[in-house]
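Here's what TrEMBL has on this protein:
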- 48-297: domain 'G-protein coupled receptors family 1 profile' (DOMAIN)
- 32-56: transmembrane segment (TRANSMEM)
- 68-93: transmembrane segment (TRANSMEM)
- 99-127: transmembrane segment (TRANSMEM)
- 147-165: transmembrane segment (TRANSMEM)
- 204-232: transmembrane segment (TRANSMEM)
- 244-268: transmembrane segment (TRANSMEM)
- 280-299: transmembrane segment (TRANSMEM)
Amino acid sequence: RFMPPHSNGNLSMAYFQDFVLEGFGVGLETQALLFAVFLALYMVTVLGNILMIIVITLDARLHSPMYFFLKNLSFVDLCYSSVIAPNALANFFSSSKVITFAGCAMQFSFLSLLGTTEAFLLGVMAYDRFMAICNPLRYPITMCQSACTRLVLGAYCGGCFNSVVQTSFTFHLSFCSSNRINHFFCDVPPLLQIACGNTAINKLLMFGICGFMIVGLAFVILISYGYIIATILRMQSGAGRRKIFSTCGSHMTVVTLFFGTLFVMYAQPGAIESMEQGKVVSVFYTLVIPMLNPLIYSLRNKDVKEAVQRLGQKHMTM
């Protein structure tokens with residue numbers, strides 16, 4: 001809800017209908033450079049994640065739980081970037097940079113849904129590797145198709161829960177000080193900066209839910225990889241060790257990048273006040289990381305590289 005103040009300081013009962021996304025607030029040349037960077041990041045993200053989804057879907061050798069989760073991660077990354085990038089690109093050369101109240105709420109709800117789902121998916125992928133390496137005999141039963149589907153649905157349910165809570169609490173606030181958001185998309189920290197009234201509950205929810213989620217999932221992932229490393233060190237085969245380290249190294253790289261940026265943005269005190277830092281961090285987790293994920297998994301994964309080659313050869317012979 002927007003309530004513009006009268007000149008005498010009293011609140012009017014009239015409501016604004018729009019927010020203004022201020023973006024980076026830089027000169028025209030820098031705007032053009034940022035536009036080119038954002039466009040390149042988004043194009044690579046779209047192409048990389050679509051390729052990953054197609055390869056895993058078409059190659060029967062990749063029809064395993066690990067790649068089922070990876071395909072879902074690519075789908076989430078593709079949607080995640082698409083919630084932010086097109087609107088941000090359009091606003092670089094827009095004179096108004098306007099987004100409606102409903103549009104802002106919708107953008108934030110999808111961002112929260114997809115970001116939380118990705119966090120849970122990374123936790124699920126760590127559990128999958130733990131079961132495959134530490135309990136190989138039970139793995140086919142524990143990680144059957146129905147179990148994998150339930151785990152993915154559980155990740156989406158967790159995302160829906162966080163999205164509903166964060167969106168409902170954030171957009172029930174009144175925005176009477178300004179309708180100008182100091183960011184390039186709708187997010188909790190910049191919205192709380194322009195909200196009037198007591199935002200203590202919103203800050204507590206953001207730090208509480210995000211902090212619990214990040215710390216809890218990071219703990220699960222660290223425990224899983226502790227057991228995985230102990231199992232690897234007991235292996236006699238050097239080739240087996242290298243293959244597992246390659247697969248798990250890709251996952252740990254993605255986990256470190258994603259959870260590190262989320263912690264800086266949402267789970268530390270003072271995150272709301274440092275908006276300029278927040279914009280840079282936001283570029284990483286909304287554009288850079290979704291772009292890097294398919295590259296990390298494909299360049300460090302022999303099975304994926306061979307599947308891409310087979311798909312290319314099949315296409316050339318058609």
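From the backbone N, Cα and C atoms, a Cβ is placed for every residue, glycine too.
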Spatial neighbours of the transmembrane segment (204-232) far in sequence, C-beta under 8 Å, 6+ residues away: 116, 119-120, 122-123, 126-127, 129-130, 133-134, 158, 162, 165-166, 169, 188-189, 241, 244-245, 248, 252, 255, 259, 262-263, 266-267, 269
For the transmembrane segment (99-127): best-contacting stretch of 32-56, 68-93, 147-165, 244-268, 280-299, by Cβ pairs under 8 Å: 147-165
Cβ-Cβ under 8 Å with the transmembrane segment (280-299): same-chain residues at least 6 beyond its ends: 38, 41-42, 44-45, 48-49, 51-52, 70, 73-74, 77-78, 80-81, 84-85, 111, 115, 183-185, 187, 250, 253-254, 257-258, 261-262, 264-265, 305, 308
Average model confidence [pLDDT] within the domain 'G-protein coupled receptors family 1 profile' (48-297): 87
